[in-house]
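Presented below is the structure to which this report refers.
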Amino acid sequence: MYKILFATSEAYPLIKTGGLGDVAGILPAELAHLGLEVTIILPAYPACKTHLKYLTEIASLQIPSVSGLIRILKGRLPEGSNSIWLVDSPIHFDRPGNPYLGENGQDWPDNAARFAVFCQAITQLVNHPELNWQPDIIHCNDWQTGLVPPLLAPLSNRPATLFTIHNLAYQGLFSRQQFETLDLPPYLWSSSALEFYDQFSFIKGGLVFADWLTTVSPTYAQGILTPEFGCGLEGVLRKRADHLTGILNGADYQRWDPVHDSFIKKPYSKATWHHKALNKLALQHQYGLLEDKTIPILGFVGRLVEQKGIDLIIDILPKLFSNKIQVVFLGEGHKSYQNTLQKIARDYPRQMGLSISYNEQLAHSIQAGADIFLMPSRFEPCGLTQLYALRYGTIPIVHRTGGLSDTIVEATEENIQQELATGFFFEEPSPSALFTAIQKALTVYAQPDQWRELALTAMGQNFSWRTSAKAYYNLYHQMLSNRPTQ
Ligand code: ADP
Ligand code: GLC
């Protein structure tokens, strides 16, 4: 039975800011169901300590740039299939709120030190005298874990390393001075290692040194080899192209299925699809909108950042509101988008619902109550919210990119008739292309039989984590079978 250490900076339900939290909240459990021993390792944020009430100290470490000992705490969620280890360095992680941002919405100024300590601690756990445990593979996720592969690389008898790119646009870039304060091996300051145009890049550590790379959809795996989606790292990635695999994420249907979703007003299934309308009325009520189940609702749930194409929606909102429609938003992010949305919401109080917050319950209520899910992302490594929307019979309108291309089937008349269609695409990330796609969707919405067909086909899609977990399992097996003896 392979032993995996799954390193992540967030995992639902302990702490979550986006899709990585969802993935880390389910993939390790699915891998455990396939017979692997998977331990999750996270920074000991206050939220993690509160969730995991019974924690025991299993090891302590000394990291040269940090005064005092760092403790490794072990816990488990009730019913959880995985052990959870927390890297407890209070000066780095014992602070309120978001794992990456301070209360002012800016990155914590010491993020380089915080996540370097996280990576150094993980590296020290390999062959640690207090632990009678050595993983076969360390599975790293995103830049916050990017220093693990380079720090392990020189060791003999080390675990294999896999680095998963959830979003190449977040790279963990810092200054050379910061590199120098962290007690990292000086040879890592090189253009063939962590140096990236004179900056210190965490993600490059993963991309250059991990034994294998994955990203979260096949189309994004191709895309990141090109200048359009490679964020300047396409050259580095092209050199690793024969060690890069796209494995599509899944949806956690235990948490995201209207049949048994305790966050929503009225559960429903394909057989009781008409109950979706009760969730619409509840959503209209919650947002103070006109309560009328014949009005189509367009929903948006996501980070208010350029990636998600929120500006494309903002651009066409006044024009959209000349239709008899409502639009509801849930998100937080850049101040300028927040302010503009607030201003428009004041002008259209009966048609636009806005919540600038992070609210798990509301995210579910929008999936259940909306008719259409807007996801005009400029790029999307995988995207989970469109997968959830499908299961709730909420038809996605998406830009044809990355994981959105891999998960949605275009609602042409023929595809609708053949019960294949699940959503609407637009090709160019422009306001007018989005507007045209929305008009197309509203035309189909006006034909209730066709819309119902579309919604039921969407609800029948199955993006189960079991399939994705098997792909990771096979990759782990391949990595370990092909290892040169050390
Ligand atoms: P990304 O990881 O790029 O943000 P994904 O679609 O992969 O996008 O995952 C986003 C996850 O975060 C989903 O579970 C979504 O419901 C959740 N989410 C995003 N914004 C909010 C919010 N403001 N409140 C609650 N949940 C949110
Ligand atoms: C990232 C991506 C998103 C993906 C998620 C989980 O945040 O932006 O597309 O679904 O990671 O892999």
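Heads up, the Cβ atoms here are built off N, Cα and C, so glycines get one too.
What TrEMBL lists as domain 'Starch synthase catalytic' is 3-239. Per TrEMBL, the feature ADP-alpha-D-glucose binding site maps to Lys16. Per TrEMBL, domain 'Glycosyl transferase family 1' is recorded for 291-453.
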Those residues of the chain, 6+ apart, with a Cβ under 8 Å from that of Lys16 (ADP-alpha-D-glucose binding site): Glu10, Asp22, Gly25
Taken over the domain 'Starch synthase catalytic' (3-239), the model's mean pLDDT: 96
Where the residue listed as 'ADP-alpha-D-glucose binding site' falls in three-state DSSP terms: coil
